[in-house]
Amino acid sequence: MSETTSTNEENKLPLNGRRAIPPNHSNDEENEVPEMEAFGLIPRGFNPRDYLRVVDIYMFKEPHEINKKEHHTDKYYNPKLIVRRGQAFQIQIDFNRPYKPETDRFWLEFLMGRYPQQNKGTYIPIQIGNVLKPGQWGAKIIHRENNSVQLSIMSSTTCIIGKFRLYVAVLTPFGILRTRRNSATDTYILFNPWCQLDAVYLDDEKEREEYVLNDVGIVFHGNVEDVKSRSWSYGQFEENILDACLFLMDKAELELSGRGNPIKICRVASAVINSRDDNGVIAGSWNNSYDYGVAPSAWTGSVDILLEYYSSKQPVRYGQCWVFAGVFNTFLRCLGIPARLITNYSSAHDNNANLRLDFFLDDEGKVDTRLTKDSVWNYHCWNEAWMTRPDLPVGFGGWQVVDGTPQETSDGMYRCGPASVQAIKHGHVCFQFDAPFVYAEVNGDIFYTRMEKNGTQVVENVDTTRIGQLIVTKEVGGDGMMDITEEYKFREGSDEERLALETAVMYGVKKQSIQDTTYQPQTDVDMDFQAQKAVLGNDFKVTITFRNKSRNSYTANTYLSGNIVFYTGVAKSEFKKHSFSANLGPSSSSSFDVVIKSSEYMSDLLEQASFHFFVTARINETGKILAVQKAVVLEIPTLRIKTKGELVAGKETSVIVEFTNPLKQTLENVTLRLEGPGVLRTIKKQFGRIPMNSTLTWEVKFTPMRPGLRRLIASLNSDALRHVYGELNVQIQKP
């Protein structure tokens, strides 16, 4: 199209030969709706005031009124009407005179976007009838009094999700009279997990309260031997969050007509949550330097991130997997899709999805970091969203994996899912979307391979049990951990597991079997590695134990390498090298201790305080190699939170956050954050430094808005110490 200069023409539609109207993917844009739509020439004496005219529309939109109560939307901090699809809601129309059903005719119109069309579901005319049919648009009068009528309106169970504009139209002999544009009657329609006909229907009330209505959650992190947890504020009901979530679909350019489909919404959202290739919400950073942004560990919830993105339209810096998953969970719950945050411990990031993670060893048995491309994340967080999958065979609905963390591209964009958990468990990875990638994350094998001088690869050791050892989420109705490993995989070594693997291979997951390689392990000696509970800033010891089950004596040249790693398993630096020779007597166990000093690791420590130990031992008599690797996460001190005085809604009170610096060094550039959904908006405070062993105290005054059980969440961030959290449940009394 040639470029135009005049501003007048710029506002015209960019027409092309392919479609009659331009793409319609903004919920915010509007069209002009005429107040008088004439049928032809209007006679001179025509006065619209002679006809039935709408004086006022009452939406019953206050949190205590019938609509928000019955639709479970009374928690949204939003003045407009919010209802869930497939369920009746009520409005009242006041006319200029009593309504006469014999002669008067009026109807309702819901519109969305700039080019409303009936066949796209963006223009919905609703005639007034006598009966409401379940799951279909309709309206009927339930009460008439003086000049008012009260209507019950039913929305379709496949209706588009978003913000509709409401008009009331009245028929006259010469044309249609419509109400003036009034944003106070705008109506948000959301998914409805309470409605049996909705694609996101969930039949358990306790689960709906957890997966749709709970606005705080728990993120499990650490590693499989040492599970740690912290709170995250989802804040899906906070002010402007609903609009911010709808804006994400505009940003992803999802056609309005596709927005009734949870599969499409999840797929585009998994791409727009990260900033790769579409300037999405969060910019990821895994390199421990967070200039001009917030360190991922400092965030306490999703609200600040979504509001900043909604106002700036620029990616918010910075996130890592639990931040992407936390924000994604807010988005899903806010729109009414049941969702939960999942942690997979020892998660395989397999660059070529062949279910095999290769760790290459050099001649001495040390890991060669140049050749090793795959990594094992201590943990990785993703989300599950609950929905039917009419696009797949029966039985693959229910929980679907969606992942907003940018790892690999899918159909050319960084996105992942929705992939059916059931399909992953049974190996049916042919079903869209991205099931092979998720299957590999929970099912890979680790191969320790030595490169010979002539380029042949010798497999020295295979670990089939480490990947996806534990998959967890927060329990329903409590803060404990629920183990859901069995939902993703059959018991290690069972017949069903083998069958699922064969199925996955049949459907194209690449798997090199051990038979393809010359691999004869040393079976009569076991090696185990244990680490003492370690506290940040202290020395700790690790123990290597050999069990010689044979009648032979062996000697083992043993090499221990300690690395400081990102939680993604990528090494930053090797801080400990230790080798020794172990004499293994026949039919006996021998243990060897190695002390790790704080002076060896403190200068290089990364924010999640995680180490990765590789131990390799070569049995001199047979030339075989034993290998074991283990992640160790240090105990990080916590923040203490306490409240002063009683907590009553609408009355000022204060909360105190305390922290004692346990390190043998001064903390520089300290930032504290405090937030609590429904209690207080995030407050940040900078402190210059905290000397060693001294205590910082911060008092914040606030006025809680709503009664009920709420949670305060705090984080501390500094140059040398991150991932410091504290939380407190508070009961706020009614005034």
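Backbone N, Cα and C atoms are what each Cβ position is placed from, and that goes for glycine too.
Automated prediction, rather than curation, is the source of TrEMBL annotations.
The annotation region 'Disordered' is assigned in TrEMBL to 1-31. Summarising the annotation, TrEMBL assigns domain 'Transglutaminase-like' to 313-406. According to TrEMBL, the active site annotation covers Cys321, His380, Asp403. Under the heading Ca(2+) binding site, TrEMBL lists Asn443, Asp445, Glu492, Glu497.
Taking the C-alpha positions, the distance from Asp445 (Ca(2+) binding site) to His380 (active site) comes to 17 Å.
The sparsest Cβ neighbourhood within 10 Å, among the listed binding-site residues (Asp445, Glu497), is found at Glu497. When the domain 'Transglutaminase-like' (313-406) is classified with DSSP, helix, strand and coil residues number 15 helix, 41 strand, 38 coil. Ranked by CA distance from Asn443 (Ca(2+) binding site), the active-site residues Cys321, His380, Asp403 have His380 at the top as the closest. The Ca(2+) site is defined by Asn443, Asp445, Glu492, Glu497, and by the 8 Å test on Cβ atoms against their centroid, the other residues of the chain that qualify are Thr464, Thr465, Ile467, Gly468, Lys489, Gly493, Leu501. In terms of Cα distance, the recorded positions that sit within 10 Å of Cys321 (active site) are His380, Asp403, chosen from His380, Asp403, Glu492, Glu497. Put simply, Asp403 (active site) is 25 Å from Glu492 (Ca(2+) binding site) when counted between their Cα atoms. Sequence-distant contacts (6 or more apart, same chain, Cβ under 8 Å) of Asp403 (active site) comprise Ser270, Phe324, Ala325, Trp382, Asn383, Arg415, Cys416, Gly417, Val438. Spacing of Glu497 (Ca(2+) binding site) relative to His380 (active site) is 22 Å (Cα to Cα, whole number).
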